[in-house]
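For reference, Swiss-Prot has these:
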REGION    1-31  region 'Disordered'
REPEAT    34-67  repeat 'TPR 1'
REPEAT    68-101  repeat 'TPR 2'
REPEAT    102-135  repeat 'TPR 3'
REPEAT    143-176  repeat 'TPR 4'
REPEAT    177-210  repeat 'TPR 5'
REPEAT    211-244  repeat 'TPR 6'
REPEAT    252-285  repeat 'TPR 7'
REPEAT    286-319  repeat 'TPR 8'
REPEAT    320-353  repeat 'TPR 9'
REPEAT    355-387  repeat 'TPR 10'
REPEAT    388-421  repeat 'TPR 11'
REGION    422-927  region 'Catalytic region'
Amino acid sequence: MGRPGMDSSEGRESNGVVPERNGGAVPAKQQLDGKDTLRYANILRSRNKFAEALQLYNNVLEKDEANVEALIGKGICLQAQSLPMQAIECFNEAVRIDPGNACALTYCGMIYKDEGHLVEAAEAYQKARNADPSYKPAAEFLAIVLTDLGTSLKLAGNTEEGIQKYCEALEVDSHYAPAYYNLGVVYSEMMQFDLALTCYEKAALERPLYAEAYCNMGVIYKNRGELEAAIACYERCLTISPNFEIAKNNMAIALTDLGTKVKIEGDINQGVAYYKKALFYNWHYADAMYNLGVAYGEMLNFEMAIVFYELALHFNPRCAEACNNLGVIYKDRDNLDKAVECYQMALSIKPNFSQSLNNLGVVYTVQGKMDAASSMIQKAIFANSTYAEAYNNLGVLYRDAGSITSAVQAYEKCLQIDPDSRNAGQNRLLALNYIDEGFDDKLYQAHREWGKRFLKLYPQYTSWDNPKVADRPLVIGYVSPDYFTHSVSYFIEAPLAHHDYSNYKVVVYSGVVKADAKTLRFKDKVLKKGGLWRDIYGIDEKKVASLVREDKVDILVELTGHTANNKLGTMACRPAPIQVTWIGYPNTTGLPTIDYRITDSLADPPDTTQKHVEELVRLPESFLCYSPSPEAGPVCPTPAILNGFITFGSFNNLAKITPKVLQVWAKILCAVPNSRLVVKCKPFCCDSIRQKFLSTLAELGLEPLRVDLLPLIHLNHDHMQAYSLMDISLDTFPYAGTTTTCESLYMGVPCVTMAGSVHAHNVGVSLLTKVGLGRLVAKSENEYVSLALDLAADVTALQELRMSLRGLMAKSPVCDGENFTRGLESAYRNMWRRYCDGDAPALRRLDLLQEEPCSNNNKQDFDDNQVAKLADLKAQRVDAAVDGDKQSQLTAHAAVVGEVQQAPIMVNGVSSPVSSGKVEANGHISR
């Protein structure tokens, strides 16, 4: 009887009847009468009129009980009427009369086979072949039953014996396709894929419409990674059998993997097309939906990414990776509660999912929940002890908590595991700026060695088409991720607004992760003045370098340094003839391709001993120009008038508030009776951080009841108004405040700062001097204390200064955007003229590097393993914009099916799992 999916009845009569052979001789008269009756019976039987035919066969046998042909015909009718035992009696009788009757023997075999007696069936077919080797039906049916025997043996665990039976079947009938097919199945299970493929190909050659063979050929090609060949096999299969569900599912898998392959090779649009085609074959295939989410995330189409991640979860509620990646998208959109919900859902599916544990720690770090963050990141490390970026994020957490030594150790642990971690390498450089003085040369060497290694990861342009005409209009490019409500934005606004665009055309390269109203205002201003605005978030740094060259930028200015989302990889390519670093980082970048670093004579005095890779260019006044927030609100009276006591304060981050700073502050507070200290910092929403801070001050003699600790304030207006809580602002050292100092002064709060030997220490010196408060710049810790005490001693003078300070600041060079920009343009013009005269500091520097012999000692002081090969890594922000702190680079991770890549969007989709739908047909095909 026929078996589903295995039909090899070609060459047999349509009613399944085996041609009979004539029986023994009969008397002439009987033979004539019987022959007519027998012929009519055969006609009735061929028309499926078995009852009528049976009656005629009986009539013949009543007259001639030895008529073999009638016995065979009767047996066939009985078999058709589901009377196998009576039928086999007829066939056996025919064999008794004519032992060499191949037809009767073959029908005996058919009944044995239908009754499940395969061995007896095979013996009957073999006897038929022996009786008449030319009788083809016997050979064909023997091949069938041998194939069935082979399958039975294989299923019983006797694989070798099963293979032997398949081979015997092919010896009997070398054209029997199911035997080849089932051999292919066995060899596939034995992982002998070359043999399996040969067998499937022979099966398809013998039976061109063998859908299952094409399907399983596709599985082998798919598992070998030959996706195009696999897809071609599945297409052939589905042409034969359009509703073959296993083949459709396999096609969806192969197309999904091909989509990932071409996406990784750089053709993301074709990858998306393959993912969508996969859904045509299997509309509920969650892996294709997941990878579409990944692709749309990489294309920055986050709305579509969300749609497909949610679809993936609908069809596969256990897809923890989709939950994780949704969380990353919501995190980047500042929807932290939703992000936490997604990460927690991922962890409910995979409790030890290190990426989601890490990402939850990232969110808690951003929120200042340091204990919870530490717990999550430590769990991520426990789940995966080689998870390098978790150590990077632990370093960021320690840095935010003010534990710089622990932060550096965590970064170095990350670099031990992954020497290529760009985030940890750069975060380490940033953290070293918080360490006390006496470290300057080692800090310089750390930056310099990082820059030399980083440079090797990028090809450098060595020629430019920019015309060397000294006084022609210039194109100035500004590259930054901080064109939103962020500390850098308060200092870049003046040039964007006041540049003479006819002579200094501005091209903005904006890497903003999430644009806000300030972003849109900047963009509108630049475009209306005739500039160009390019959004480069998510674009590879080498591609950004190509854009810079296309835009014919003459001077490219980077505003980020080693803080989050920087484009130092673009600067390493040297796409512009002149390259500059400014504002975003308080030290050298260490990158040899950057010509100049913009500063002033107060932040970096001419006699400074601090070393820089770049050549210093000092602006005529301050190197900073502050554009106050329109949301600041009015200046309030100094609170001491109503309070009756002085309140000192600082809104700098904890990393800047070193133990030495706390010692000096405690000395001031202890010297001013009833005075209070207010400190605002993100981690102060964490009880353990608060208690540690208060305990430290208590050890220094300052009662905790005199200290107010405020957590992060999200709204900019409320943040600015919080300055009304303090009478006097205390700056930090050796890493002084920048935005916080400007905000303090703008809100009428005088700030006491201290000069030092490095730029980071002297930013407050520059700001206060240019505002007209040079008298508040101390040269020592003792003088710092004295200046603070002098201010606190005269509340009336403090009030007068407070109410006049905003006006004083507005008239100072620090807020004079027009004149500041003219000075900046003059500096740019001088740089350009030097270039036209053949003087480019970076080119000289690069030539010298080419001449340096290679050192065998890769371990420089404080620069172990700072290789940054992942040059297109981007990092999460740490601090809120209004705090004005430099941001370390947090790395959140997206998990993928099969692979994880480090990237800020956390949407790293690659190959989907293999679920090869192998079809195993067992050769039961007789009827």
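Cβ coordinates are placed from backbone N, Cα and C, and glycine is handled just like the others.
Per-residue confidence over the repeat 'TPR 4' (143-176) averages out at a pLDDT of 90. Contact between the repeat 'TPR 3' (102-135) and the repeat 'TPR 1' (34-67) is not supported, since fewer than 3 Cβ pairs fall under 8 Å when only residues 6 or more apart in sequence are counted.
For the repeat 'TPR 8' (286-319), the DSSP counts in helix, strand and coil order read 27 helix, 0 strand, 7 coil. Taking H, G and I as helix, E and B as strand and the rest as coil, DSSP gives the repeat 'TPR 5' (177-210) the counts 27 helix, 0 strand, 7 coil. Helix first, then strand, then coil: DSSP counts for the repeat 'TPR 11' (388-421) stand at 27 helix, 0 strand, 7 coil.
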